[in-house]
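Annotated in Swiss-Prot:
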- T10, F11, H18, G89, L90, R91, E99, W124, S125, F126, I127, S128, S129, S130: ATP binding site (BINDING)
- T10, K42, M74, R88: substrate binding site (BINDING)
- H18: site 'Transition state stabilizer' (SITE)
Amino acid sequence: MITKAIYPGTFDPITNGHLDLVTRASEMFSHVILAIADSSSKKPMFTLAERVILAKQVTAPLKNVEVLGFSELMAEFAKKHNANILVRGLRSVSDFEYEWQLANMNRHLMPKLESVFLMPSEKWSFISSSLVKEVARHGGDITPFLPAPVTKALMTKLA
């Protein structure tokens, strides 16, 4: 049986923490869609197309991972792609409160859609795309937190 999961997010940019979670999800499920949200409300630094390209580059070794952009409700995207599992990362208690609301709304919209929560590896538990961008803007070393192609793309954006 093929178990298809979706790991959604803005991924602006994709971090080593995200890569850790999608790698672990790829070991748990037959097929994983890394779904990149066209989130205009978050005012992303990278365009959707740029985020998709970067994610494809860094997930290329994961043969059962597909990278797609989306702009519809997650429940609709899941239906369209015949997926019934959402993978979400939980770094903190504050993440849990937000994710709990999302999981319940998604279940209301699509009753068979299950949310699976993964804890990041300890070394990535404090990393967020926003924090990494802030460190980069102030000249800090971001290389430990991002895959090399993403570091290069971020530094180019900030130049």
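Note: Cβ is positioned from N, Cα and C throughout, glycine not excepted.
Shown here: features listed in Swiss-Prot, placed on the structure.
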residue: T10; record: ATP binding site; contacts (Cβ under 8 Å, 6+ apart): I36, A37, S39, K42, P44, R51, S129
residue: H18; record: ATP binding site; contacts (Cβ under 8 Å, 6+ apart): G9, F11, G89
residue: M74; record: substrate binding site; contacts (Cβ under 8 Å, 6+ apart): I6, P8, A35, L86, L102, N106
residue: R88; record: substrate binding site; contacts (Cβ under 8 Å, 6+ apart): Y7, P8, E99, L102, A103, S115, V116, F117, L118
residue: L90; record: ATP binding site; contacts (Cβ under 8 Å, 6+ apart): F96, E99, F117, L118, M119, P120
residue: S125; record: ATP binding site; contacts (Cβ under 8 Å, 6+ apart): G17, R91, S92, M119
residue: I127; record: ATP binding site; contacts (Cβ under 8 Å, 6+ apart): T15, N16, G17, P120, F145
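According to DSSP, R88 (substrate binding site) is assigned to a strand segment. Among T10, F11, H18, G89, L90, R91, E99, W124, S125, F126, I127, S128, S129, S130, the residues given in the record as binding ATP, the maximal Cα to Cα distance rounds to 18 Å. Cβ neighbour count within 10 Å across all protein chains ranks E99 highest among the binding-site residues K42, E99.
Neighbours of S129 (ATP binding site), defined as other CB atoms within 10 A of its CB across all chains, total 25. Annotation note: I127 (ATP binding site) sits in a coil segment as assigned by DSSP.
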